[in-house]
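*Asks:* This is the structure I have questions about; it appears just below.
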Amino acid sequence: MRVFPTALSIMVSFLSAITILGTPSEVYMSGTMFWYQAAAWSIASMVTAFIFMPKFREMNFTSIYEYLEKRFDQSVRICASITFLIYMFIYMALVLYAPALALSQTTGLNKWFAVISISIVCIFYSSVGGMKAIIWTDVLQALVMYAGLILVGGFERAFTIASQGERIEFDNISFDPRTRHTIWSILIGNSFNALLTYGFNQMQVQRYMCVRSTRGAQVALLINIVGVASLILLSCLMGVILYAYYAGCDPFTAGRIQNVDQILPYFIMDTLGNKKGIPGLFLACAFSGSLSTISSGLNSMAAVIIEDIYKGLMRRKLNQDQQGFVSKLCSVVVGVIVMLLTYFISYLGSVINAAISLSSTLCGPIMGVFSLGFFFPKANRLGALIGFFSSLALQIWIFIGVQLTKHQRSNNRLPLSIANCTDINVLEIMNSSRTTTAATHIKLNPLLNLYSVSHMWYTPIAVGTVVIIGIIISYLSHPLKPHEIDSKLIIRLDDLRRYCCCSKQQRKSTNSVVSGEVSTKQQRSKDTDIELTTSLTIQ
């Protein structure tokens, strides 16, 4: 594949309806600190382009989890692969559920009918068209997503009203890890989350492995920065506009919408419902990202199931035709399972919060194992396994604890108002909320502070747990000697210099070749002149 289509495909793979619906609602409820997400994703993209992507291309594995078998052993590879598959099942169900919410709000169509419709479309073109069809479809979907956000937005007095409502905030430097969004939690914590997506997810690695050269893949990741940053900034701007519009009458508190993630489609119908084409364009915008993510997920999961489970664990062999058929069959089966899991996902709350939490919980330990393998040559199989399972257990424990203490933790969301609502009984709603609050006095959990840590920090906690425990166990058991490990499986300082300076070296070598050719020609010219002068002198 060429560079530009791949760059757009990388961009839209994980920036789906979750971004388009979840980011505006997050800004609406919690303020503009979320805007720093654009910087976090840019940092992660650059780190991937110059450190991890060149290494994966150098090793040229179909499944990135093949690395773990080469570096540690098959048991580590299988554990990571199965964890990834579980995560992708849940994540794709979440991505499938998000546009169904939008469709039900804007058209009144049953959301479960929407879930089935999207599933059928995604299963068809990912199983029939393969990776190339997915990438080219992503290009079209990226254009639709941008068009939808730009046409829907507007500035006017939005920032003034949002500032009065305490939504405009860019300087929260609190060191309290329980604070939902700070400069540190987003620039550090969410950079880890984004790096987890770009550097260690089969969906993304498959994309930059499709580019013809490592240099081209680096350019695709750098182009992706512009697209990702602008898409996040536009989505955050929509959150500001939403608050400015509903500052005096919040539709969620007023009971007009059932879920805060429905506020953007509600706004579309409330303001632009009578304008032909605009609601439809927004629906296309929401659906586009989901189609991209789900189809990419089906394709990457099929690759992991075949390479890691069928051929790796079960030791079966397939010829090219058989592998193509099994891959399509896997896409269909996985798509049906994802469709069924959507019912469970509907109980997880905010889609953006759920997406980050699930990613950190299940994939954070995977990133930790890769980091242990790449950067710590003495780490062994036992250290990787114990570190991985310790981190996974800790993350699942925190995730479950967060769900169980949901009503005990303090609500960090900024205040909302229904004072200007004209068609509801404001006093009745306020009294009912006070009654509910008074009635729910529960004994506080002693680990409430742990469960209150911002979800932005989950991935750094997961990676740190794997690395620390993995190193300790490795040194206590049998730290690997230099001759016991293939040096190609380690990222060293020399590799970093080589990857980062690759383009410079290429330009230098090209220049040296050209200058060499020029100097050779000049020397030949000089020799000819000398011979001619000598001949004339003799004559």
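The backbone N, Cα and C atoms fix where each Cβ goes, and this holds for glycine too.
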*Asks:* Do you know which of 11-29, 182-200 TrEMBL annotates as transmembrane segment?
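*Replies:* Of 11-29, 182-200, TrEMBL gives transmembrane segment for 182-200.
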*Asks:* Between the stretches 33-54, 75-100, 182-200, 325-345, 382-404, which one has more Cβ pairs under 8 Å with the transmembrane segment (221-246) than any other?
*Replies:* 33-54
*Asks:* Can you tell me which of 182-200, 351-375, 382-404, 457-476 gets the most C-beta pairs within less than 8 Å of the transmembrane segment (33-54)?
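*Replies:* Selected stretch: 182-200, with the most Cβ pairs under 8 Å.
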*Asks:* Do the transmembrane segment (325-345) and the transmembrane segment (457-476) share at least 3 Cβ pairs closer than 8 Å, excluding pairs fewer than 6 residues apart in sequence?
*Replies:* no
